[in-house]
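Engineer: One structure coming up, written as structure tokens, with questions to follow.
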Amino acid sequence: MASSWKLMLFLSVTMCLSEYSKSLPGLSTSYAALLRIKKSSSSSLFGSKTRPRYSSPSLGTLSASSPSWLGAAQNYYSPINLYHSSDAFKQDESVDYGPVFVQEPDDIIFPTDSDEKKVALNCEVRGNPVPSYRWLRNGTEIDLESDYRYSLIDGTFIISNPSEAKDSGHYQCLATNTVGSILSREATLQFAYLGNFSGRTRSAVSVREGQGVVLMCSPPPHSPEIIYSWVFNEFPSFVAEDSRRFISQETGNLYISKVQTSDVGSYICLVKNTVTNARVLSPPTPLTLRNDGVMGEYEPKIEVHFPFTVTAAKGTTVKMECFALGNPVPTITWMKVNGYIPSKARLRKSQAVLEIPNVQLDDAGIYECRAENSRGKNSFRGQLQVYTYPHWVEKLNDTQLDSGSPLRWECKATGKPRPTYRWLKNGVPLSPQSRVEMVNGVLMIHNVNQSDAGMYQCLAENKYGAIYASAELKILASAPTFALNQLKKTIIVTKDQEVVIECKPQGSPKPTISWKKGDRAVRENKRIAILPDGSLRILNASKSDEGKYVCRGENVFGSAEIIASLSVKEPTRIELTPKRTELTVGESIVLNCKAIHDASLDVTFYWTLKGQPIDFEEEGGHFESIRAQASSADLMIRNILLMHAGRYGCRVQTTADSVSDEAELLVRGPPGPPGIVIVEEITESTATLSWSPAADNHSPISSYNLQARSPFSLGWQTVKTVPEIITGDMESAMAVDLNPWVEYEFRVVATNPIGTGDPSTPSRMIRTNEAVPKTAPTNVSGRSGRRHELVIAWEPVSEEFQNGEGFGYIVAFRPNGTRGWKEKMVTSSEASKFIYRDESVPPLTPFEVKVGVYNNKGDGPFSQIVVICSAEGEPSAAPTDVKATSVSVSEILVAWKHIKESLGRPQGFEVGYWKDMEQEDTAETVKTRGNESFVILTGLEGNTLYHFTVRAYNGAGYGPPSSEVSATTKKSPPSQAPSNLRWEQQGSQVSLGWEPVIPLANESEVVGYKVFYRQEGHSNSQVIETQKLQAVVPLPDAGVYIIEVRAYSEGGDGTASSQIRVPSYSGGKITSAQSTLHSLSTSSSSVTLLLALMIPSTSW
């Protein structure tokens, strides 16, 4: 465990260093870039799926299952035969099983210039016994003792100071325990490096202007892939690729299709390793122009093209290059012969590179690139072939077989090219033998024996990869045993009954079965037979069949026997009464079940209703089972319900047989709900309904009732019908006296002599047809309004009685004593008032008014005629004798006399007020209602002059304002609190004294003082007023009193003094000079002080 922990810590640290180095682009690569582990599942290149076995808590989130010991041949026995259950096998570490891969080694690319000098190839398996590990390189086992650089920690193979010459190659992990061995996928160890360019000076390349040129990179030795770029003159001025210049990532060369004077200079090839990020620069290659003239135009010459055959793995990205020299600069185009270039393809580098991401099988085909200019064209064709790694379609399952049985295993994989198959046994290639055949992924072994047990692997491979599937073969070989299939020692049956005595011994090979009765072998006949599974069957058992029966199982490894006694009894008979009974809901009944049986057998009674057992505890006390005698039982059914109707069963069970009988119980009750209610026809006040009959519950239906519900009704209401009485044989009727244009639901209720049943399901909601309104408004009256207005009010008609759309009101009125009516339309159905204004109408003129209704169907009735008066005028006189009196610092009393004569009766008065420095139009107002003749204005500012006016108002408006009056609020009360409080308690009273309060210039004069006192815990204080600087406060009740003093003036009460707490005490004398208890605030010592004050002391 310690070594495993160290390895995990080592790998974690190196991974952290890796991520850190990647975040610092300017630094050389550390171990972070050294190991590039290629993720690959076992279904991809070299992948191998581990066999599902069972879930191990030590493996974290590893998902696996128990062994699938599925039989693949004849005479298969379930794994339960060996392990009792698969769950038990998971937990039982005493069961041996072969190795199962948890982790297989991954491909590694190791940088040769790494500071970290170790390579770790991981391998982890589980099995029982715990497997051991060996490693192979290029198919040969590695001797760990042969090189000090090798070490093995658990299954992880570690190479210190790895060397490309010694250590590169293909590695496999071989895991072995006593069950067998399995071989892992091949993991490739590759070394990443980048050599230096040769230091030789490169010759200058001299061309004519307009000529094409190729500058060779000639990269140094490297592994794996490298990326090419070119520097022009000096770093970091890189050559920009365009339609004229191209850098091939296949050759590394720089191609210039048409040289210009601006191209003259020095060129340096820069290569970068894709793993280590190391970079090296080539010696410069000078490019010069010849002085023998400009190159003439010529047709394209393709210098860079993709191979004749391009191979790519499915799902990867394919890049095909094509670039040409020429003058003028050629244009590159692409096409797919006999097809279309995939829509996902992209053209890069001025169309010199065709890139196909996520390549699929249907992307394969012949591709052509074409270079063309004004002088001609040239083209190249090559074929793209897409291959796929092998992928499992069907894998192996662990299997157990009896010795001598045939084995057939088949594994199937897909891939392109089509995979071929090889088989391994315990990590070693399996060869055909006399009993062993291998054909196209099928392994067959005839007559398996113990030597065939072990671990098998199917290897599917094509030229691009290989995958492994593993399975364990167990060969069973054991003597017969009845340990898991014991027989009953005594089998009891009744006469003429069929008997099957089982005999199922466990053993491998499968045991042969023989039977004896007593000491004589059982002879088969028409009535007695040995079944294929070894059981003994006896038809029409009789007393002569009684006795001891012996079953014997035997194979090459031994034999075993088991004995059972057969006893034949008389058959049981049963009688259930009464057989058929009719009851009414609420009645009770007793069913009696009597059994005639063999006296040696005990009987048990079971009751059922409609084939289901009766639950006596859950049936609400309706059922009770009564067992008065050993051979009979009663079922009491109390207060029977409709749901209790049906067939009741009584079953009698003995150890030998089981018999049953049934009785039918019919229950009469109120009818069931009628069927679906359908509205056949609808008018403005009727609805014709039909329904399917209700179940009569064994009592004929006498009548039906129709019920309706609308948004305006209180629940369901019985409606009038035609015919008035709906007899039980009817299935339709008409509901009448419905309101027009109202949505209704209907339901039907059935009644029989026993009672009324449940209602039917409501019908769909339906609206009656429209009709002319029939209901006139009520409570027509007048309302107060403004001068020259006639206000007519009424109670709106409910939507239930509007009878259709477009509902409104017709308001008719005329001066009292005249003949012609004036009518006005009010279109709102919710309106309750109409105002008619006429400047010629004097106040309080009587009018006759009536209000009618209408809708889209026509006009309805008018209400009764009532007489109302037009609005009175607004008050015409102003209040008189208005006075304003200051009450306090924030209050002023404004009073006035009522108006004696006015054209309009006042409903109240409005008082307007504003400060002396403000305008009247900014005045605030306060309204009174009724006959009040004064108001106290509050919330005013102290020592401030205010102006006031008063005017009357009613529904017609406001009257003229009164004359303006003024008043000044009183000064603020003193802000200084009484100080230097002195007190003396004697008995049940306290004498207080304090210093006088001197008001400030803007404060009102002190009139006197108020002493507030209350018992602690009470909210209401009592007050003593005095003009003196002392007062006597009574303390009538026991307890602590809280006292404070305030000065008061015409401006109100001033600031309170600090509170004092005084206990009521009948003896002794306490003064403020002798007490430290001056304030209401308490501390942890307050209780102690209070107790001290309650102790008499003559020294006080």
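The backbone N, Cα and C atoms fix where each Cβ goes, and this holds for glycine too.
Annotation comment: Swiss-Prot describes 196-282 as domain 'Ig-like C2-type 2'. Positions annotated as domain 'Ig-like C2-type 5' by Swiss-Prot: 480-567. If you look up Swiss-Prot, you'll see 673-771 marked as domain 'Fibronectin type-III 1', on the strength of sequence analysis. The domain 'Fibronectin type-III 2' annotation in Swiss-Prot covers 776-873. Positions annotated as domain 'Fibronectin type-III 4' by Swiss-Prot, on the basis of sequence analysis: 977-1067. The N-linked glycosylation site feature in Swiss-Prot is assigned to N138, N196, N397, N449, N540, N779, N816, N931, N1002. Annotated GPI-anchor amidated serine per Swiss-Prot: S1072, in sequence order, evidence recorded as sequence analysis.
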Engineer: Between N816 (N-linked glycosylation site) and N779 (N-linked glycosylation site), how many Å separate their Cα atoms?
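Structural biologist: About 19 Å separate the Cα atoms of these two residues.
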Engineer: Considering Cα atoms only, can you say which of N397, N540, N931, N1002 is the nearest neighbour of N196 (N-linked glycosylation site) among these glycosylation sites?
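Structural biologist: Minimum Cα distance from N196 (N-linked glycosylation site) across N397, N540, N931, N1002 lands on N397.
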Engineer: Between the Cα atoms of N138 (N-linked glycosylation site) and N1002 (N-linked glycosylation site), find the distance and write it as a whole number of Å.
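Structural biologist: Cα of N138 (N-linked glycosylation site) to Cα of N1002 (N-linked glycosylation site) measures 111 Å after rounding.
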Engineer: Under a three-state reading of DSSP, tell me whether N931 (N-linked glycosylation site) is helix, strand or coil.
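Structural biologist: Going by the DSSP assignment, N931 (N-linked glycosylation site) belongs to neither helix nor strand, so it counts as coil.
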Engineer: How do the residues of the domain 'Fibronectin type-III 2' (776-873) split into helix, strand and coil according to DSSP?
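Structural biologist: Residue counts for the domain 'Fibronectin type-III 2' (776-873) by secondary structure: 3 helix, 50 strand, 45 coil.
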Engineer: How many whole Å apart are the CA atoms of N779 (N-linked glycosylation site) and N397 (N-linked glycosylation site)?
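Structural biologist: Taking the Cα atoms only, N779 (N-linked glycosylation site) lies 94 Å from N397 (N-linked glycosylation site).
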Engineer: Using DSSP, would you call N196 (N-linked glycosylation site) helix, strand or coil?
Structural biologist: coil
Engineer: Across the domain 'Ig-like C2-type 5' (480-567), what are the DSSP residue counts per state (helix, strand, coil)?
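Structural biologist: Counting residues per DSSP class in the domain 'Ig-like C2-type 5' (480-567), I get 3 helix, 46 strand, 39 coil.
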Engineer: Can you grab the distance from N449 (N-linked glycosylation site) over to N540 (N-linked glycosylation site)? Cα atoms, rounded to a whole Å.
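Structural biologist: That separation, Cα to Cα, works out to 45 Å.
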Engineer: Of all the glycosylation sites here, N196, N816, which one's CB has the most other CB atoms within 10 A?
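Structural biologist: The largest 10 Å Cβ neighbour count belongs to N816.
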Engineer: Could you check which of these glycosylation sites, N397, N540, N1002, sit within 10 Å of N931 (N-linked glycosylation site), going Cα to Cα?
Structural biologist: none
Engineer: For the C-alpha pair, I'd like the distance in angstrom between N397 (N-linked glycosylation site) and N540 (N-linked glycosylation site), rounded off.
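Structural biologist: It is 46 Å, counting Cα to Cα.
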Engineer: What residues, ordered by sequence, lie under 8 A Cβ-to-Cβ from N1002 (N-linked glycosylation site) and sit at least six positions away in the same chain?
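Structural biologist: Listed in sequence order, they are N943, K971, S972.
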